Structures are given as C-alpha cells and as structure tokens.
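First the structure, in the form of structure tokens, and then the observations on it.
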C-alpha cells in the first residue's frame, strides 16, 4: 500500500496539472466568449483578469483578486511545511484578521455553545495560524480557494459541519471520501487543512477541532480572493463517524434540475434565497468537462431535436468549450472555470455570466429559466453588495448546520483519522 505522503504528493502533482489545464481552457473560452455575449452589463477586462499568459509564478488572476506580493510566510506557515520565503499577500492579510491581534475576550462559551471567541484563551492565535497556512497554499495553488469551499459545502450539507468529509478510508472502514460525488474533491484543499492542523498542534495541541479549521479556512480564502468577511462561530467538535453512502444521496449533482436542488435545500431548512446566494461560490469554482459535455456535444432538446450545442448558451462560449474539452474522454481531468470572466476573484460575475448565456452547467441555465430563482440572479448580477450581504448570512447559517458539540464529537489529533476509531454504536 502506498504511503499517505506519497499519495498526497501524487495528488498535489495532479492538482497542479489540473490548474494548467484550467488556465489553457480559460484562455480559449475567453477568446471565444468576447466575440459575442448575451445582453448584459459591460464586460470587464477579461483577458487580463483571467491571468492567461502569466509566467511560471502565480497567475495574474491572483494579483487581480488582491493577492499581490507582500510579506514573507510567517513561522506558523513554515512550520506547517510551506517553506520560508514564499510570498504572502498584503491585501489578503488586510481583510482576514481584524486588527493586529486576536480580541481579548472571555474564554470560550460553555460546552454545547458556539462563540466567535471560543479559543480566545485556549488558543488565541488559532485564526491567524490558519490564515498564514492557507494564504500560502493559495499563493502556491490558486485553485485552493475553490476547492476549500467545495470541501466545506460537501462536509456541512451531509451530516453537518463536523469534518466527517476529511476522514480517510481504511481497509476496515469506508468514509465519505468513498462516495462517487466526492471522488473529485481536490487534494490541495485537504492538504491545506492538514497543514493548518499540524501548525495548530505545535502551538496548542488538542484544542482546535478540524471542523473549525475547515470553517475558518473557508472564510480566510473567501476574504483573500475579494469576498466578504462573515461571522464564523467556533466550538465545533469533530464527528465520530463518516458515511460512504450519504453524500451521493444528500448532495446536489451537476445534472440536477433547480427544482430538485431546491428540494434538498428546503429539506435542510434553507430558503430559495440562501440556495441562490450559496451558488455564488461558483464564482471561484471549476467543473470537469464530463459534467457539462451533454450541453456542448451531441445535444438534443426536450423533443429530441439535435443541435450543435445547447441553444441557451452564448455561441462563442459553447464553441470555446468544445475546443477546450475535445480530449476529455481521454483525459477526464480536463476542466473549465465556472466563471470564465474573473475566475480568481470572488465577486458577482457568476450571476452576470448566467444573464449573458455564459453559465457552464445546466443548473446555471435552470436558475435563469426558473421563475423562483431568476429574480435573485438578476438582483445579484446588478448588485454585488446585495450578493455579499446575502452570501455572508447564508454561509454563517451553513457553518452552523448540524454541528457536533460536547460529548457528540471529539477534537481529532489528525484530521484524517479518528482518535480511537469510528463510532459503531
């Protein structure tokens, strides 16, 4: 059996290869998309924002999102294996941590109660340590932010925000990672969590849960890429079990209709508005070609009539996707950015793209055609502040969904393994 470190190394290499493919695909898509766009607001300077043609370092997309060169990697990041000398963005640090230090508040709330100041006395530098590590990871691999948000959603939406998605399967027990829908979760996001936990264990061992690491890392990366800083109450415990079957049942799939996705969200207590707002996280996301191939190859409408591609798509965009994905059957790792205009920046362009016929997945077009969701798409496309406000509230609510506290969970020593084995009761 391969050593875990070897597997991580191979996964990271695959992630970097995927990043290169993403950049190449985005370059082709941009060239096609600017040729003709469905009516909408003026298009941004897409070519420069997308970061195509960047040198061997971080793509220009990172700089466009406020990730310019800044201070050196702090000690916590170096201790976690980031390597001293890597650049950390000044702009990121400005929005991730409020003030020069951690607020001097009372100790964490009573057992079973979440609080923003939960670690103020037991591990006061927790958020700063996590920020240092994930900022460095994002600079090294600009797809980390999108991956982290996806892992966070896949964790919370199944059995709650309890780090159950981080558990590695063994010969004796499967985990959520074995679910088909989780096979494509990116290794760079898992690696950032593992490194953050390692740095925390050096500072305050056995104190900060992996569930809280994942929640805080997600917020750091949203803020780092230009998005809002939303509240994240702390004090979650890590799960004692991880189901290999639940994710495929409970998570939305890329070919689901908006109606079916809404059923999943409503069943968990989320509103239509919250579903549409959370979908805006796709502004940083990407999808493999196989997830939207039916829209660009051998397309047939509901009556069975063939067409070169889904006619709801911008023609230039569809042709660009066809060119970018032509080898996807041979190489299933080929992917395209969900937001082709500003793929490295957290903004409302995802909704603007839907208005223009530049939505990548069928669910994107569904949100435009469904009368329950279209008004919200129009609202967020026209008002970035409204999107940020609603996204912040929805993310805070999501981060508190199904959390484990007290005796219902544990503080894992390692994020990918239970302290004493899974709970089989």
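Cβ from N, Cα, C; glycine included.
What TrEMBL records for 1-39 is signal peptide.
TrEMBL lists 113-419 with the feature domain 'Plant heme peroxidase family profile'.
If you draw a 10 Å sphere around the CB of residue 123 (disulfide bond), it holds 21 other CB atoms from the protein chains shown. In the three-state DSSP classification, residue 123 (disulfide bond) falls within coil. Taken from TrEMBL, the feature disulfide bond applies to 123-204 (among others).
According to TrEMBL, the site 'Transition state stabilizer' annotation covers 150. In three-state terms derived from DSSP, residue 150 (site 'Transition state stabilizer') belongs to a helical segment. Listed in sequence order, 185, 186, 189, 285 are the same-chain residues at least 6 apart in sequence whose CB falls under 8 Å from the CB of residue 150 (site 'Transition state stabilizer').
If you look up TrEMBL, you'll see 154 marked as active site, proton acceptor. In sequence order, 165, 176, 181, 182, 185, 247, 251 are the residues of the chain that are 6 or more apart from residue 154 (active site, proton acceptor) and have a CB within less than 8 Å of its CB.
Feature annotation from TrEMBL assigns Ca(2+) 1 binding site to 155, 158, 160, 162, 164, 176. Sequence-distant contacts (6 or more apart, same chain, Cβ under 8 Å) of residue 158 (Ca(2+) 1 binding site) comprise 164, 165, 176, 243, 246, 247, 250, 251.
For 156-161 (among others), the entry in TrEMBL reads disulfide bond. In the three-state DSSP scheme, residue 161 (disulfide bond) is classed as coil.
According to its DSSP assignment, residue 415 (disulfide bond) is coil. Marked as disulfide bond by TrEMBL: 210-415 (among others).
Positions annotated as substrate binding site by TrEMBL: 252. Counting every protein chain shown, 20 other Cβ atoms lie within 10 Å of the Cβ of residue 252 (substrate binding site).
Under the DSSP three-state reduction, residue 282 (heme b binding site) is assigned to helix. Sequence annotations record features per position, and here TrEMBL assigns heme b binding site to 282.
Per TrEMBL, Ca(2+) 2 binding site is recorded for 283, 339, 342, 347. Residue 342 (Ca(2+) 2 binding site) falls within neither a helix nor a strand when secondary structure is assigned with DSSP, and so counts as coil.
Counted within 10 Å of its Cβ, the other Cβ atoms near residue 325 (disulfide bond) come to 22, all protein chains included. Annotated disulfide bond per TrEMBL: 289-325 (among others), in sequence order.
Counted within 10 Å of its Cβ, the other Cβ atoms near residue 162 (Ca(2+) 1 binding site) come to 28, all protein chains included.
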